[in-house]
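K.L.:
The structure that follows is given in the form of structure tokens.
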Amino acid sequence: MAAQGSLLIASFLLILLVLAKPLGSGLARLIAASPLPGVAGVERVLWRTLGITGHEMNWRQYLLALLTLNLLGLSILFCLLFWQEWLPLNPQRLPGLSWDLALNTAVSFVTNTNWQAYSGESTLSYFSQMAGLTVQNFLSAATGIAVVFALIRAFTRQNMHTLGNAWQDLVRITLWILFPVALIIALFFIQQGVLQNLSAYQPITTLEGAQQLLPMGPVASQEAIKMLGTNGGGFFNANSSHPFENPTALTNMVQMLAIFLIPAALCFAFGEAAGDRRQGRALLWAMSFIFVVCVAVVMWAEVQGNPHLLTAGADSSVNMEGKETRFGVLASSLFAVVTTAASCGAVDAMHDSFTALGGMVPMWLMQIGEVVFGGVGSGLYGMLLFVLLAVFIAGLMIGRTPEYLGKKIDVREMKMTALAILVTPMLVLLGSALAMMTDAGRSAMLNPGPHGFSEVLYAVSSAANNNGSAFAGLSANSPFWNCLLAFCMFVGRFGVIIPVMAIAGSLVSKKAQPASQGTLATHGALFIGLLIGTVLLVGALTFIPALALGPVAEHFSLP
């Protein structure tokens, strides 16, 4: 089975790199604000129609544009969900959502988290899914990519005060990257058997003679951007383990590739935009190393079997609990790491049913900030924060002012870097503590002991880091949990974006210094090792005590 796992990981990464490199070249053109071939005329018409000027923005104007778009989207989506029963395309006559669930869901999809405290097929109408959630899947993904575009320009421009035009970036990202790639993926999903219709739910008679209602809906179109935009919110409650969302092993592989496609392509784009492809490859190597190790650990943990099943007299040669037989243990383990390394959160197996160590790795990948490939845009700007921290640490060790790509990293940049890195750990630890201290928080726990605490820790980690996956043994649809997680999602998203944009505004005004003999090379194996060590060290120091109370304690309590 080790050979099968190694082959699966290698083939996945090989296909990913083959697809990501050409897409990275297209993204690099957009970073340079150069229209893609053949679309310049279309863009001119769009700018006139939408009233978008070509004036570039400083970091505050760029940030204000992004915040305005997202707050407007949040308000509209909340209204769509709250008054759902009065809107069209609701063949099942589903009622509107409660105010707290509508708020939680709206914040969730606007922040690219896609945490779901509801069952999609029994809660949301087709109109809410299409006009509400799918639209935000595009806009939230475009927002993350636009932020990293601004940060990359800050490194590549000199003595300037502008970072591009946010409205032009958002339109270009959506029309020329997200929409065409999502369309191709959606058509492939339809060919494989994923649903795409507006029919009412279909009553059927099962082989046993029982009556059953099969859910329908425009699934493929939402499924494509759900994966490509690292959104993760499923059309159905079972997410990508549902055969109507993910029917075959082939769609399962394509879904995993779609999750990592843009994050990997952005690494190539960063190297091209910086004028040194080695810089992008160094980040890709660091991400890939952590990813492969994490996949290997989860696969090893899951093929060991579940001792609880063994004591119950069940077959425990491998841990198949919570997994689909059409995917198996290895593919399910790979999917779990892919979806939590990226801030996607889609699942093709129930993470709550993984072994203690198998479930700890996805949780830890979220807790370190979703920087191992990460979300579209957010993964790269998160990793670049760790790059700045790594060069700062290296500067302290050798007694030189830290610099990256020729830009000196001063006190202002380090303050903003520290703030951005500390936002999500504070949310996770304080949010988990609040939940465990209150009756409203503890009453949602369906399991006692270390596993119950793990479910709470996983939920808050998922929300604060904008992942959206869950250990399912938590009744999270209550005013307390909806409000707590909505707060964590909102602050975890924009509490990082704001200091990142401040860093970009500071760096873009600086002049790049030529490299000297004392300059730290940021593209070699030494720096890759330093970067990996920085990520691991920050993650270990921050979360080992909490993990020791949850999955580690659960592992050592196994029979």
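Glycine is no exception: its Cβ is also placed from the backbone N, Cα and C atoms.
Pasting the relevant annotations from Swiss-Prot:
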- 7-27: transmembrane segment (TRANSMEM)
- 63-83: transmembrane segment (TRANSMEM)
- 132-152: transmembrane segment (TRANSMEM)
- 170-190: transmembrane segment (TRANSMEM)
- 253-273: transmembrane segment (TRANSMEM)
- 283-303: transmembrane segment (TRANSMEM)
- 327-347: transmembrane segment (TRANSMEM)
- 356-376: transmembrane segment (TRANSMEM)
- 379-399: transmembrane segment (TRANSMEM)
- 416-436: transmembrane segment (TRANSMEM)
- 484-504: transmembrane segment (TRANSMEM)
- 524-544: transmembrane segment (TRANSMEM)
K.L.:
Could you check whether the transmembrane segment (7-27) packs against the transmembrane segment (327-347) - three or more CB pairs closer than 8 Å, residues at least 6 apart in sequence?
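P.N.:
Yes; at least 3 Cβ pairs under 8 Å.
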K.L.:
Do at least three CB pairs under 8 A connect the transmembrane segment (484-504) and the transmembrane segment (63-83), leaving out pairs fewer than 6 apart in sequence?
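P.N.:
Per Cβ check, the transmembrane segment (63-83) touches the transmembrane segment (484-504).
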K.L.:
Would you say the transmembrane segment (327-347) and the transmembrane segment (132-152) are touching, if the rule is that at least three C-beta pairs must lie under 8 angstroms and be 6 or more residues apart?
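P.N.:
With fewer than 3 qualifying Cβ pairs, these stretches do not touch.
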K.L.:
Top stretch among 283-303, 356-376, 379-399 for CB pairs under 8 A with the transmembrane segment (524-544)?
P.N.:
379-399
K.L.:
Are the transmembrane segment (283-303) and the transmembrane segment (416-436) close enough to be called in contact, which here means at least 3 C-beta pairs under 8 A that are separated by 6 or more residues?
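P.N.:
Contact between the transmembrane segment (283-303) and the transmembrane segment (416-436): absent.
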K.L.:
Test the contact criterion for the transmembrane segment (416-436) and the transmembrane segment (170-190): 3 or more CB pairs under 8 Å, pairs 6 or more apart in sequence, then answer yes or no.
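P.N.:
Between the transmembrane segment (170-190) and the transmembrane segment (416-436), which are separate recorded stretches, there is no contact, as judged by 3 or more close Cβ pairs.
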